[in-house]
């Protein structure tokens with residue numbers, strides 16, 4: 001069979017191995033029946049060549065000419081492999097690889113060796129390698145020589161293969177360039193041809209040559225998780241051999257091959273002399289036969305339900321959990337036995353890699369089984385598995401391996417995969433504590449050879465403290481085992497869960513790689529017993545030490561951009577930003593397995609040390625998985641869509657402003673009303689009028705959306721609200737002093753600094769504690785910050801409670817006031833009723849404000865703001881009725897402005913002596929007249945002019961003593 005269209009456009013490696021900068025690999029399955037005379041004539045050249053596969057490679061040592069390409073063929077009992085660049089030729093001849101009438105795999109790896117390299121071991125220099133059934137059976141470093149003794153050949157140019165320019169691949173035959181025909185037919189069966197334009201890698205952690213086997217091991221690749229689970233039930237995973245077999249099956253299930261382009265359809269039979277079954281036709285050509293086994297290819301879920309996808313993923317995870325179980329890890333084992341267990345980390349990491357297919361599968365799990373822990377479970381089990389097995393290393397052994405250093409008694413394992421890089425170490429205590437902190441990762445290590453260039457911003461770093469066991473009896477003088485890992489896209493397969501008390505918004509995402517750190521104590525392999533093994537299990541990192549010496553990590557952001565806030569308090573900003581579509585704040589988090597039912601990202605045990613546009617430095621006191629989360633600003637949405645209530649509010653504001661302004665004018669313009677109590681009430685009205693006028697401004701979008709006007713208008717409004725509340729307290733306190741101490745004048749100057757100075761206290765605290773959140777509330781109320789709002793409202797509630805306390809005392813002293821002037825008592829009682837009501841209603845107003853502004857925005861309850869705003873609008877009317885109309889003296893002042901003034905005769909002015917003489921003899925024990933009825937009806941029976949002058953004289957003079965009874 002011949003095909004000339006198998007090459008991916010632009011892949012020059014398949015045209016000529018000279019251009020294979022990363023090497024060349026290819027494999028094929030063959031089933032051949034040998035002639036019975038194969039062992040008789042064993043001399044070189046005694047039997048003809050039978051080609052398995054060829055791309056035209058051929059050379060002549062006599063002429064020194066060479067055709068580029070590769071080829072594998074049988075010649076008697078020899079299996080021969082040829083790779084030619086045209087300028088140099090490598091040939092590898094292996095004798096005795098005879099597999100009669102049975103399927104076997106033949107694989108080739110090639111990289112041009114650097115023969116000037118004297119440091120690299122010879123087996124790692126490259127050259128030509130031949131594998132049969134994954135076993136390397138031959139290796140050639142040196143190229144072939146011409147008869148003239150030169151390793152340089154003359155490449156043949158401008159040739160064709162049966163009229164087609166190279167590359168052309170031939171299966172079961174070869175093109176004889178000298179005779180221009182197909183020849184050297186094999187007569188065998190072939191299957192699964194695969195080509196790679198690179199050398200499949202092999203190291204201590206993984207071996208890609210398993211990909212030579214392709215999909216042939218159907219008993220492995222077709223095993224589903226349920227079947228594999230059944231197999232494991234009969235396996236003893238404590239047995240190294242059985243564990244190795246189980247790991248191989250998992251590799252076949254999970255580690256699919258790299259992308260390949262099999263140019264020839266599988267199961268091809270070539271018999272007969274001319275390459276066809278009948279022996280008389282030309283070789284057939286297969287076109288457009290391409291397959292892919294890309295591990296990142298997205299699994300389509302349209303053919304099966306999300307439920308089936310989730311169920312299959314959980315079954316696979318359960319299988320992995322069985323493999324990662326550490327219950328049977330006990331005692332001390334040789335370094336080589338331990339290292340044989342480590343490759344499972346690569347297999348386990350496959351199901352938590354952040355590939356498109358895995359993301360889709362884990363999302364199905366979280367949708368169908370929201371209570372399941374998911375991917376974090378596998379990460380935790382993987383970390384525990386690696387800590388347990390690295391801790392089982394016999395560090396007293398003299399056996400040197402790739403990762404165990406006998407001279408240091410240290411196991412220092414390192415590996416990597418598609419989405420992770422891992423280090424697992426067991427160090428003696430002195431080695432572990434040689435430095436205060438251990439720094440990772442080691443970017444110059446081989447484990448970072450691929451991912452350092454592949455991952456974006458591979459610059460993350462972290463340090464681990466080394467004294468967590470130093471002060472613990474039985475744990476301070478034994479080896480320490482620890483495992484660290486960096487995962488590039490692990491967060492994409494984790495559940496989307498967070499601690500909502502700290503990460504408040506719904507719009508958030510992990511903005512970094514994920515770093516994992518786990519530490520455990522290990523027994524001293526030179527001197528231990530079973531009791532020591534039990535003691536080690538009780539060793540735990542000292543939490544007090546970890547709080548003083550946390551894990552410190554620097555994460556580079558997935559998206560380099562600035563956050564509005566550097567940090568935030570527990571109940572700080574809900575979501576606010578001058579740039580409403582930017583990053584609000586970044587959090588340092590760890591995966592808290594104990595949060596909720598299945599864990600969540602939690603900032604509680606971590607803190608942000610420093611953050612910038614590019615990176616964030618974190619400190620965390622716990623071990624586990626760490627990352628940085630960016631919390632995104634989102635548009636602030638408020639429910640002010642209540643047109644009818646808005647209209648009612650503005651009507652109320654209109655009436656409030658007019659009526660309170662009228663009350664102020666009456667107090668200012670009437671000498672009969674101008675007293676200490678009404679001056680206090682006038683200031684209440686002034687402050688409230690300013691507050692509600694500023695409230696009108698907060699309804700304009702131009703004020704709400706611009707931070708500076710928002711801040712200025714909001715703070716002026718808050719000042720006026722608080723001043724109004726404090727003036728209410730002052731008026732209640734003045735009335736309280738009047739009833740309890742008889743003080744009815746001369747105290748106004750005391751209240752001014754209190755009422756106009758105290759409102760600066762909460763406002764100043766806001767600037768100190770919440771300066772980053774001010775000016776961002778869409779209603780211009782403090783800031784979009786529940787903690788700041790709560791503090792402001794509590795301050796005003798406290799002031800209102802103090803006012804209510806005074807009001808209660810007033811209520812119980814109204815019957816026996818200390819002021820003995822009859823007319824004054826009547827007016828005080830008249831004013832006190834309004835004061836008491838205003839105190840209670842003001843307290844209710846601020847409690848309602850707390851309910852409104854601290855309303856749960858994520859709850860199902862409707863936002864009460866519209867109703868509250870109506871109360872704000874009409875509250876001025878309430879103040880006018882209770883502080884103005886309810887006051888008898890205010891009513892008289894209004895009447896006096898409505899009538900022409902009467903000429904007042906001096907005889908109508910009541911002197912102090914007259915007041916004393918007017919006190920009736922029937923007094924109570926304390927000198928206060930007995931209450932004989934409605935005081936206002938008795939008061940109103942007198943002539944209006946006399947009463948008005950009487951009041952003016954009495955309010956302007958000090959209290960007069962009342963003579964005691966004889």
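A Cβ is built for glycine as well, from the same backbone N, Cα and C atoms used for every other residue.
Annotated by TrEMBL as transmembrane segment, the relevant range among 626-646, 710-730, 899-919 is 710-730.
Check TrEMBL against the ranges 604-622, 680-698, 927-945 and you find transmembrane segment recorded for 680-698. Listed ranges 206-238, 239-271, 272-304, 305-337; the one TrEMBL annotates as region 'Disordered' is 272-304. Your range for transmembrane segment, going by TrEMBL and the list 583-603, 835-855, is 835-855. Note on TrEMBL: of 561-581, 750-770, the range annotated with the feature transmembrane segment is 750-770. Summed and averaged per residue, pLDDT over the domain 'GAIN-B' (410-636) gives 87.
When Cβ distances are compared across the two stretches, the transmembrane segment (710-730) makes no contact with the transmembrane segment (867-887), since fewer than 3 pairs at least 6 residues apart fall below 8 angstroms. Against the transmembrane segment (835-855), stretch 867-887 shows more Cβ pairs under 8 Å than any other of 647-668, 750-770, 867-887. Residues 645-646, 648-653, 655-657, 659-660, 662-663, 666, 678, 681, 684-685, 688-689, 692, 695, 731, 827, 830-831, 833-835, 837-838, 841, 845, 848-849, 851-852 of the same chain sit 6 or more residues outside the transmembrane segment (867-887) yet have a Cβ under 8 Å from a Cβ within it.
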